[in-house]
Structures are given as structure tokens and as C-alpha cells.
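> I'd like to ask you about the structure that follows.
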Amino acid sequence: MMKGVPYLFTVAIMALATTLVSAYDPSPLQDFCVAINNTDSAVFVNGKFCKDPATVTANDFFFPGLNIPGNTAASKLGSSVNLVNVDKLPGLNTLGISLARLDFAPYGLNPPHTHPRGTELLVVMEGTLLVGFVTSNPNKLFTKVLNKGDVFVFPIGLIHFQFNIGQTNAVAFAGLSSQNPGLITIANAVFGSNPPINPDVLTKAFQLDKNVVDYLQKQF
């Protein structure tokens, strides 16, 4: 009997490890868990409190307005992203999915960014987009020109971008494999963090003159 103890112990450790290693939203344990900000008489699940199922309505699973174009003129980059995540659509809580509408003015850019908690599946509805993502070391670029009806996937956590290379507006929709995929825009994070990263660090990391680093930090 004692010979089997090390084996059982090893199996138990491996089973515990597999429950701890998960890169995606955990599977729900009920049909739904509509998010609610009022914590009275609520249960904490997946980062959001659950609304009492008896008070849930169809509106908790509904979000209008993705037919409305985004205001690309309000952005220096000529792009607009309307993300429907759990904060806008409470019924998404625990379901591991969200949706975004992306609008681009001619030569508009959705700059290099990453979603730390979600893979992104993009479909172009109008226009022509140059898209791409960069892998972890050795940093290989995968890029493609997409036209209407084309689909491209950006793996979870990898830096990616979308750029309208056409002379007309472009529209795309993206599904993400998280109710709250997160967003880190690379330039904003590096040059616009609060408090700012020490300029000496950026000067050495990017091999730039300190005046250039100071200028970039002021931009963000």
C-alpha cells in the first residue's frame, strides 16, 4: 500500500496545478450571473457581484447602438473603438466574451496594443485594413491586408494593430474571449504612465536622446 502513496501524491499535485493554471475566464457554474454594483445580498463571482436571478430582466442581456458609427474625428489617430464588455452589458458576467465596434477614418489607426486577458477575432465589414501582431521573442511579425468579409485572429496577450490603408472609412467588429479583456496601448503605457517611468530608463531602453524621451512623455 505504501508504494502507491507517492503516485497518489503526484497525481494530487498535478490535479491541483491544472486547476490553478488558467489563462481564460473560468467557466460559469450557473446559467448566468448578471453583474450588479449594489453588493447587498449578493455573491461575489468572477470579479463582479451577481444580481438576484429573481430580479433579472431581458434588458440585462441587451445593449443598443453598435449600428452607430464612432466619432473618429475626436481622436488624433482617426479611430474609434466602442467596446461592449461586462461594464456596459451586465449579462456578460462569467460568460467569457465581449464585443467591439471599430471605426476608422481614412488612414486611421488603432495603435499597437494588447489585451492581457483575451484573444481577439476581427471581421472587416467595410474598407481595407492592414493588420498584424508580433509574437513573443524573437518578435516575429504576422501581417495581412484585410478586405470586406475577411477575418483575422490576434492571440491573447500579443501586441497587435489595425490601420486603414484605404481612402474611405473602414468598419470592423471584434469578438474577444473575455468579459473584460483589458487594454494596454503600448505608447501610452510606456510614455504616459502615472507616475512617469524614469526618463533614464527609457533613454537606455530605446537608445534615444533624453530630449526625445522628454518630448514623447509630454505627448502622452
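Numbers run from 1 along the shown chain.
Placed from the backbone N, Cα and C atoms, the Cβ positions cover glycine too.
These numbers come from a predicted model, not from an experiment.
Heads up, here are the entries from TrEMBL:
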type: SIGNAL; residues: 1-23; note: signal peptide
type: DISULFID; residues: Cys33-Cys50; note: disulfide bond
type: DOMAIN; residues: 64-214; note: domain 'Cupin type-1'
type: BINDING; residues: Asn110, His115, Glu120; note: oxalate binding site
type: BINDING; residues: His113, His115, Glu120, His160; note: Mn(2+) binding site
> His115 (oxalate binding site) to Cys50 (disulfide bond): how many Å between their Cα atoms?
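Rounded to a whole number, the Cα-Cα distance is 25 Å.
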> So which of the binding-site residues is most packed in, judged by how many other Cβ atoms lie within 10 Å of its Cβ, out of His113, His115?
His115
> On a simple 10 Å Cβ count over all chains shown, which one of the disulfide-bonded residues Cys33, Cys50 is most densely packed?
Cys33
> Give me the long-range Cβ neighbours of Glu120 (oxalate binding site): same chain, 6+ apart, Cβ under 8 Å, in sequence order.
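Once residues fewer than 6 apart are set aside, Glu120 (oxalate binding site) is near Val153, Phe154, His160, Ala174, Gly175, Leu176, Ser177, Pro181.
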> Cβ within 8 angstroms of the Cβ centroid of His113, His115, Glu120, His160: which residues besides those meet this for the Mn(2+) site?
Thr114, Gly118, Phe133, Phe154, Leu158, Ile159, Pro181, Leu183
> What is the total of other Cβ atoms whose distance to the Cβ of Asn110 (oxalate binding site) is within 10 Å?
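A count of 26.
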> How many neighbouring Cβ atoms, not counting its own, are there within 10 Å of the Cβ of His160 (Mn(2+) binding site)?
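Its Cβ has 22 other Cβ atoms within 10 Å.
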> C-alpha of His113 (Mn(2+) binding site) to C-alpha of Cys33 (disulfide bond): distance in Å?
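Cα-Cα distance, His113 (Mn(2+) binding site) to Cys33 (disulfide bond): 30 Å.
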> Quick one: Cα separation, Asn110 (oxalate binding site) versus Cys33 (disulfide bond), in Å?
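Answer for this pair: 32 Å between alpha carbons.
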